[in-house]
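Listed features, source TrEMBL:
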- 127-265: domain 'EamA' (DOMAIN)
- 26-45: transmembrane segment (TRANSMEM)
- 57-76: transmembrane segment (TRANSMEM)
- 88-107: transmembrane segment (TRANSMEM)
- 127-144: transmembrane segment (TRANSMEM)
- 156-177: transmembrane segment (TRANSMEM)
- 189-209: transmembrane segment (TRANSMEM)
- 221-242: transmembrane segment (TRANSMEM)
- 248-267: transmembrane segment (TRANSMEM)
Amino acid sequence: MVLVQLFYSLVDMALKTAYGLGMRPIAFALLFLASLASATGQYFYFMGLQLASPSMARATTNLAPGITFAIAAVIGLEKVDLRSSRSIAKIVGTVVCLAGAMLMAFFKGPKLLGALLLPATDDWVRGGIYLMGNAFCFSIWYILQVPVCKSYLDPLSLATWMCFLATLQCAVMAFFLEANYIEIWKLASIWELPCILYGGVFASGANFFMQSWCISVKGPLYSAIFTPLSAVITTILSTLFLHEELHIGSVLGAIVIILGLYVVLWGKADDASSEGLAIHSNDSESILEQDCMGVKVESGINLSEPLLSSENADADASRRQ
């Protein structure tokens, strides 16, 4: 409990410093909620990874776009038009993704290189449930990014705050969830330290910053298209180096999830193009308005002096007479 109170004190000091630098309280509240969803999702992910397999863990991350759409539709952030093929595609894609996740979790199936039928073990099922919980938490995290990015515009500073708050929250969660709180911080092997550093520096900090930058430049759809690539890479590497046994249920479930993901992305592509056209239209209107104002100003300057002076006008009138 002393550590818990210490964490609370550090948060208060950090908050006071941040407020002095200009951060608004609502921005920190949103950051806290977003990092809490991230911390909970990380806990579910690592538990699922321990109980299941790396390929299954990475494949279930493709559930996030579909679940994000479902939650956003329920709370009103996403418009659903049942007369539109794009909206129907997003709904069908979400259902297909969930079906693929259920297939991976509850049907292990025979080995690809053997004929022995292996039923799904309790640990395998629990791991699948944990991994689906991870996808749900990160879907909430994605939704919270909308108000967070509006209140906090610097991606690098945002990533720093998110990692800091998630670290404190994970420490508090570990205190309540682990019986031997002190023992879990001891390194059992020297090889654990590089894994921890790589996970913190690259998998969390650098990846979060690069994703935020890519989304700001290319949009969320472009970033989501590359999500299934990690599942393919993880499956290949875990088979080669960790000698992971591939089962039909895992492969079929991963394929179904990826297909459902691209169906959802196809439905979202129309939204992205519509937003792009709206932004382009607004920019065009602004440019046209500025051009018109410029013409008016230039016209006023050019016509501030008459095209014909009064003396020339009198001379022309006398010649005509």
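Here the Cβ of each residue, glycine as well, is placed from N, Cα and C on the backbone.
A quick note: this is a predicted structure, and the numbers were derived from the prediction, not measured.
When Cβ distances are compared across the two stretches, the transmembrane segment (88-107) makes no contact with the transmembrane segment (156-177), since fewer than 3 pairs at least 6 residues apart fall below 8 angstroms. Simply put, out of 127-144, 189-209, 248-267, 189-209 has the most Cβ pairs sitting under 8 Å from the transmembrane segment (156-177). Sequence-distant contacts of the transmembrane segment (189-209) (same chain, at least 6 residues past either end, Cβ-Cβ under 8 Å): 155-156, 159-160, 162-163, 166.
The average pLDDT computed over the domain 'EamA' (127-265) stands at 76. Residues of the domain 'EamA' (127-265) grouped by DSSP class, helix first, strand second and coil last, total 117 helix, 1 strand, 21 coil.
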